Amino acid sequence: MGLKVLSALDTAKTQLYHFKAIVIAGMGLFTDAYDLFSISPIMTILGRVYYQDKQYEIPATVKSAMLAVALLGTAMGQLVFGILGDRVGRRRVYGLALALMVASSIGCGFSICTTRSCVLVSLGFFRFLLGLGIGGDYPLSATIMSEFANKKTRGAFIAAVFSMQGFGILASATVTMIVCSIFDRASNYPTGKRTPMGADIAWRLILMLGAVPAAMTYYWRMMMPETARYTALVERNVAQAAKDMEKVLDVSLADITEDSPMSPSPPNFHFFSNQFLRRHGRDLFSCAASWFLVDVVFYSSNLFQSKIYTQFLPHDQNSTNNVYHQALNEARLQAIVAVCSTIPGYWISVFFIDRLGRVTIQIIGFLFMAIGYVVIAIPYNSFWESDKHKYGFMLFYCLTFFFSNFGPNTTTFILPAELFPARFRSTCHGISGASGKIGAIIGAVGFLWASHDREDNGIGMKASLMLLGGVSLAGVAVTYFFTRETNGRSLEENENEDEYVGIFFLRSCFNLHRTTAHAATAQRDQMSSRSTSNSIPSTTPFHR
């Protein structure tokens with residue numbers, strides 16, 4: 001399109017505002033991870049407080065419902081806020097998503113009543129609202145960061161925003177350990193099966209503290225200008241886009257002001273149109289399918305943590321009968337996985353995303369995830385269940401987490417923010433993310449059912465892990481055949497190429513089919529000629 005302000009964004013050197021944008025946008029992802037991943041030790045405390053008549057064990061249906069309701073809210077939030085981000089503006093709804101997260105995090109802690117059913121219903125309601133805010137943060141954070149970044153380091157900046165999830169997981173585990181340690185020392189109750197009343201306050205405090213980092217960045221979100229690409233390409237106000245960028249980036253207004261006042265003309269087709277499907281349908285399919293597949297595996301793996309934890313948690317009565325020790329031990333193992341596997345995976349992605357490219361990293365991640373699950377699954381019953389080899393089990397389990405983050409869990413967040421034109425970018429990211437959360441619900445609920453033994457109408461843990469490996473291999477196939485590389489290209493270059501890529505792909509398939517048919521016909525003619533000409537040997541070799 002040749003606008004000076006867009007060229008300046010693509011070629012701008014890395015500046016202080018880029019890092020400031022990473023922190024502002026990343027704090028939403030930090031809060032997302034804190035709230036979503038703190039639920040495991042929280043459910044342990046809830047079981048001790050409200051399920052004393054059930055041997056402190058919350059039914060699997062209640063656990064899956066509590067997880068699914070947040071994921072359902074996330075999927076709806078991604079769709080709603082994704083559409084609003086394109087129609088109203090990124091900045092205008094960005095603060096709304098964060099405010100919703102802050103309010104619902106506090107609401108989770110203030111879940112009304114003290115009876116079991118009332119607390120769970122109230123907690124589920126606020127977690128649904130929390131999911132709406134979390135879902136809204138995904139497309140807006142990715143889109144804003146992609147539109148602020150330069151094309152050379154755009155992938156690293158978006159990956160850095162997403163990597164804040166790893167610190168959110170670590171923070172949730174750390175806060176849980178601190179709160180449980182304080183309440184344990186303050187209560188000083190004798191070991192036994194009695195649960196202290198303070199435990200009902202502890203889990204509420206853990207959830208409410210998740211609102212603090214998000215609330216701290218609310219002001220800075222509201223002070224962010226609208227992205228230049230949205231202002232110039234969607235609102236068609238090039239002059240305002242130049243003024244906004246001059247405020248935050250180290251560029252001269254004279255260098256980015258257009259000589260001609262003419263505004264760019266947006267594409268003359270709608271989202272629900274054959275032209276959109278022809279130009280962008282393949283990219284939308286690849287983004288949505290890849291995100292769906294990785295979330296099936298990723299959220300199943302998080303549920304699988306409970307199987308891992310039982311091997312490493314202390315077996316002495318004093319520890320297991322103490323609610324604070326039990327939650328603290330689970331949080332400690334969660335922190336170990338985050339430090340040794342999750343966070344390194346995120347930051348290695350930051351380092352390599354603009355060197356290796358998105359497609360290569362996504363294929364590597366899916367492939368090694370598949371290998372990890374197969375290695376865990378094959379000897380599961382005879383080898384991994386013994387205490388002697390539990391550390392080897394933990395090693396391969398952590399590797400699957402590492403390659404999901406140094407792989408599709410990061411790249412599926414980046415690609416939808418790069419492949420689509422400005423006026424559809426947030427919407428398409430929201431659709432892709434919502435597809436992923438549907439996969440997460442299927443993975444979470446399905447894994448709880450599938451991992452049961454056959455006598456309990458399941459397929460067993462071994463078959464379930466093999467199935468996750470197969471899903472990862474499907475991710476390799478989708479990435480290889482359908483996903484385009486965006487590395488080193490401006491967002492407008494990706495947009496202009498979209499017009500031809502779908503037609504080129506279909507034409508390539510047609511030409512391949514036609515070439516194969518011609519080759520087969522030529523081979524049949526050649527074989528017929530050889531069979532009828534015994535005196536004259538054929539001089540044309542067969543092609544392998």
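Each residue, glycine too, has its Cβ placed from N, Cα and C.
Taken from TrEMBL, the feature transmembrane segment covers 21-45 (among others). Non-local neighbours of the transmembrane segment (21-45) in the same chain are 58, 63, 66-67, 70, 97-98, 101, 105, 108, 130, 134, 137-138, 140-141, 144-145, 148, 157, 160-169, 171-173, 175-176, 180, 199, 202-203, 206-207, 210-211, 213-214, 216-217, 220-221, 224, 302, 305-306, 323, 326-328, 330-331, 334; each lies 6+ residues outside the stretch with a CB under 8 Å from one of its CB atoms.
Sequence annotations record features per position, and here TrEMBL assigns domain 'Major facilitator superfamily (MFS) profile' to 21-487.
What TrEMBL lists as transmembrane segment is 65-84 (among others).
As annotated by TrEMBL, transmembrane segment applies to 93-112 (among others).
If you look up TrEMBL, you'll see 124-144 (among others) marked as transmembrane segment.
According to TrEMBL, the feature transmembrane segment maps to 156-181 (among others).
Under the heading transmembrane segment, TrEMBL lists 201-220 (among others). Listed by sequence, the residues of this chain that lie at least six past the ends of the transmembrane segment (201-220) yet keep a Cβ under 8 A from its Cβ atoms are 20, 23-24, 27-28, 30-31, 34-35, 38, 41-42, 45-46, 49, 95, 98-99, 101-103, 105-106, 108-111, 171-172, 175-176, 179-180, 183, 324, 327.
Taken from TrEMBL, the feature transmembrane segment applies to 284-304 (among others). For the transmembrane segment (284-304), the list of distant contacts is 37, 40, 67, 71, 362, 366, 369, 373, 397, 400-401, 404, 407-409, 411-412, 415-416, 419-420, 428-429, 431-433, 435-440, 442-444, 446-448, 451, 464, 468, 471-472, 474-475, 478-479, 482-484: same-chain residues at least six beyond its ends, Cβ to Cβ under 8 Å.
As annotated by TrEMBL, transmembrane segment applies to 333-353 (among others). Counting residues 6+ beyond its ends, the transmembrane segment (333-353) has Cβ neighbours under 8 Å at 37, 40-41, 155-156, 159-160, 162-163, 165-167, 169-170, 172-174, 177, 305, 308-309, 312-313, 361, 398-399, 401-407, 409-411, 414, 487 in the same chain.
Annotation source TrEMBL lists transmembrane segment at 360-380 (among others).
Under the heading transmembrane segment, TrEMBL lists 392-415 (among others). Tertiary neighbourhood of the transmembrane segment (392-415): same-chain residues 138, 142, 146, 155, 158-159, 162-163, 166, 286-287, 290-291, 293-294, 297-298, 301, 304, 308, 311-312, 337, 340-342, 344-346, 348-349, 352-353, 358-359, 361-362, 364-366, 368-369, 372-373, 375-376, 384, 432-433, 436, 475, 479, 483, 486, selected by CB-CB distance under 8 Å and a gap of 6+ residues from either end.
Outside the transmembrane segment (427-451), and at least 6 residues removed from its termini, the chain residues within Cβ reach (under 8 Å) are 60, 63-64, 67-68, 71-72, 74-76, 78-83, 85-86, 135, 138-139, 142-143, 271, 280, 283-284, 287-289, 291-300, 302-304, 307, 412-413, 416-417, 419-420, 457-461, 463-464, 467. Per TrEMBL, transmembrane segment is recorded for 427-451 (among others).
Annotation comment: TrEMBL describes 463-482 (among others) as transmembrane segment. Sequence-distant neighbours of the transmembrane segment (463-482) (same chain, 6+ residues past either end, Cβ-Cβ under 8 Å): 282, 285-286, 289-290, 293-294, 296-297, 300-301, 359, 362-363, 366-367, 369-374, 376-378, 380, 408, 447, 450-451.
TrEMBL lists 521-544 with the feature region 'Disordered'.
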Average the per-residue pLDDT over the domain 'Major facilitator superfamily (MFS) profile' (21-487) and send me the rounded value. 86
